[in-house]
Structures are given as structure tokens and as C-alpha cells.
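Here's the structure we're looking at; comments come further down.
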Amino acid sequence: MDQIHEEYKNAGPQQETEFKLWFNIQYIEDTDNTITVSVPSEFLWQTMLKKGNIDKIAKKIESLTGQKNIKLQHIVSNENIAEKGAAQSAAPQKKNDEKASFPASQKKHPQLNEAFTFETFIPGEDNSFAYNAALAAAKEPGKRFNPLLLYGGVGLGKTHLMQSIGNYLFQSDEKLKICYISAESFTNEFIWSIGSKIKEMDKFKSKYRNLDVLLIDDIHFLQGKEKVQEELFYTFNALRDKNSQLVFTCDRPVKEMKVFNERLQSRLSNGFSIDLKLPSYETRRAILLNKLKLLDKQIPEDVIDYIAKNIETNVRDLESALTKMTGYAELIQKPVTIEVAQQQLRDIFSSPSAGTISIDTIQKVVADLYTISVADLKSKKRDQKYVIPRQIAMYIARELTEYSFTEVGSEFGGRDHSTVMHSYDKISSEIKIDSSLEARIQLLMREIKDYKK
């Protein structure tokens, strides 16, 4: 059993990366048929256990090693547990947590929010891939995960993870040249520099091309801004040549960007792109509990459940509801009840819902993305360029509205309900095996909801 870890690694870098990133399990030691691993949180372990992933990992190791009846036990990496072999060589207070992996600094980076750290991010199973890739980029900057692109909707944690990388590296070495900036601010700075003296453009280039870490938020803002994209392309190349770490966030996959520099798009596509998905109920509940702990506040369990079950949008909305409830509890000096929560949070819960989204909006947004007309979606045309977006639009209509299959069919050229059912079932099956299709549909759903505002 002593060779289990090496044998697993020898199975190939792709399996090793998948093992660590999707589950964030790190080998500690093995004894007989029991393997000890570390995970970032008890919540993640219990979620994996519930979904049967621990058994799958054990079986995978059995198939690689030939051993039978392998069992996995765990420790939580951010608890006070020393790494294997560290007990004799390290001081007693040196424990295996993220804070112990770099010198504690009292300084704050001027561009980074010190609240955005890996410790304050809840790595549920739905976002553990993004969390672990970001952590790996922070631990090994300029190596495997470079560039790193995090994409997804508003309030899902892209900026949190990006700034966590910056904070981690700054605490590790305050001398590192780290820059966090939004794409809009980068654009404004670039425009100002080209409108000033030649010296200012030289300063701009020198500032960004000599960084150790560049973090740019919301690069979808650069769509259509050709000169800024060109400058970022050259900055990208200069930093990659010196193995600087590059991290970007976006609201969509890079290949969905419109009017975007092909060379820059290619550079980003060749990096590591990960989407942040909407948090599951379990993750939403864990986020609320963690936020309460950070605030040192308490609200009843049934109210926590009520918020977690009713707010399915993003982390920002969850935290907004929680802040409102804790503030109200302090104001009235009484425990918050379900009835109070229902009354106080109705403005949040009454944000655009499924029943208020029109099929006209869905058709328009889908048609725009696929560069066809709404008439094409409703037509009898059978070319794939029309069939696929039509099926996607029907699927979204069923997901975001309360229209029946028959009613959806009538909005798509009078199609029979069985045609809509077939489209819905087909897309439902395909998104389970095609992550790019799933990401595209999530993007469309976000744009449809935003279109209403």
C-alpha cells in the first residue's frame, strides 16, 4: 500500500489533476487498506459522501493498484492537523492550514479586498473545481494554471476567487508586483495614456508588462474595443514570457465573446477555463452558516433553511438577505421568525421570476446569440443551424416559464407538444455530458433574466 500514491500519479497527469481538482483530495498516508486524505472542509466531504463520490474514488484507486476493499478516511486541511512528518521538524503551532503556508502579514494590498480569501470561500461540490484551480494557481503561480479564466454569472464568486489568489500571493511575498484591476479601469487608463504624452504610454506598458501577477476582472467589457484588446494581447505575451501569473474573469466562455481579438481569444482559450455554477441548496446553506459565523450572529435554523431554499440566484443575494435579517433582529431586539422573514424579504423574492419571463424574450436572446432571426426559430427549417437553437429555446422556455409543452409549441410555429417534449428531453440529456452546452445555456438564461431589467 506504500506505493498507492505514486501508482496513482503514474497513471497520468490528467487523472492526477482531475483527482485533486474536482475533489480537492490530497494524499496524506496509507496504512493497510485505509488511505488518509485531506479535504478543505467537512461540508465538502459529507456532500461527496452523500453523492457516492468517495466510493467512486476508492474503486478508482483499487483499479489502478489491484488492491481490494480500500477505505478512505479524511482530515480537514484547515483544522489543526500537522502534515505528515512535520511534527518533528516544525514548531508546535505550525499546522496544516492555509495560513501556515505563508508568513502572516499585517499589510494589506491596496487593490485587494482582504475579506476575499480561500478561507472565506465555501468550496461546495458545485464550485470545488474552480476553487481548487484557483488555489493551485496561488500555490504554483505561472505554472500549470496559467492563464486561468473564471467565468459565470453575477455574484457566483469569480472576483472572490481571483482576489483570493492575489491575497494568498501577497501574504506569501509582499515584494511581488501584483495588480488587480477591472477591465473598465484598464481601458480608461489605456485611453488616458494614449491621449497624453509619449512618456505616459511608455509608463503604462512598463507598469503592466513587468508584473508578477495580473488579475483583470470582467474582460467581457473589452468586447468591441480593438485597441485595448491589442494592447492586452502584447501585455499577455510579455507576462507569459516571464512566467507571470495571469487570471481573468468573464461572464461567459471566451469563445462566446463578440468582436474580440482572435489572437487574444486563442491565448485565453489555450489556458485553463472554468465556469462557476449556481450553488446547490447544500452549498447555499453552508454559505449562510459561514457568513453568520463571520458576523458572529445567530438566526433560527428554519429561517436559514427558508432563505437557502428560496434564493437560488447567487451568493450576493444570499448574503444580502442574511444581512437584512440580522440587522432587523438587532433593530427589534427579538428573534426572527419565518413570518418576519417572509415579510422582510419579499422585495428580494419578488425579483423577476419564471412566470414573468416571456417566450418572446427567450426567442430574441437565443436568436441573437446564434445570429439567426426569431422567424427562423419559428420556421420549419431543418438545417442544424436552426434546429439546435430552436431546441435550446424550447428547453429554456420550459425551464424559465410556466408554459405547458402545448403552449410552448404554439409559440414556436404551432408545433405539437410532443416536439417540444422531445427537444426538452434531448437538451436535458446533452447538458449532462456536454459542459460547453451547459455553460452556453446558463449564459443564455442569465442574459434572458438581465434582458428584463
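Note that Cβ sites are derived from N, Cα and C of the backbone, with glycine treated the same way.
Heads up, TrEMBL stuff is auto-annotated, nobody curated it.
Here is what TrEMBL says about this protein:
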type    : residues                       : note
BINDING : Gly155, Gly157, Lys158, Thr159 : ATP binding site
DOMAIN  : 144-280                        : domain 'AAA+ ATPase'
DOMAIN  : 358-427                        : domain 'Chromosomal replication initiator DnaA C-terminal'
REGION  : 1-88                           : region 'Domain I, interacts with DnaA modulators'
REGION  : 84-107                         : region 'Disordered'
REGION  : 330-453                        : region 'Domain IV, binds dsDNA'
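The binding-site residues listed here are Gly155, Gly157; among them, Gly157 has the most other Cβ atoms within 10 Å of its own Cβ.
Same-chain residues that are not part of Gly155, Gly157, Lys158, Thr159 yet have a Cβ within 8 Å of the Cβ center of the ATP site turn out to be Leu150, Gly152, Val154, Leu156, His160, Leu161, Thr249, Leu276, Asn314, Val315, Arg316. The secondary structure of Gly157 (ATP binding site), as reduced to three states from DSSP, is coil rather than helix or strand. Summary: among the binding-site residues (Lys158, Thr159), the fewest other C-beta atoms within 10 A of the C-beta are counted at Thr159. For the domain 'AAA+ ATPase' (144-280), the DSSP-based tally of helix, strand and coil residues reads 70 helix, 26 strand, 41 coil. Summarised by DSSP class, the composition of the region 'Domain IV, binds dsDNA' (330-453) is 88 helix, 0 strand, 36 coil.
For the region 'Domain IV, binds dsDNA' (330-453), the mean pLDDT of the prediction comes to 85.
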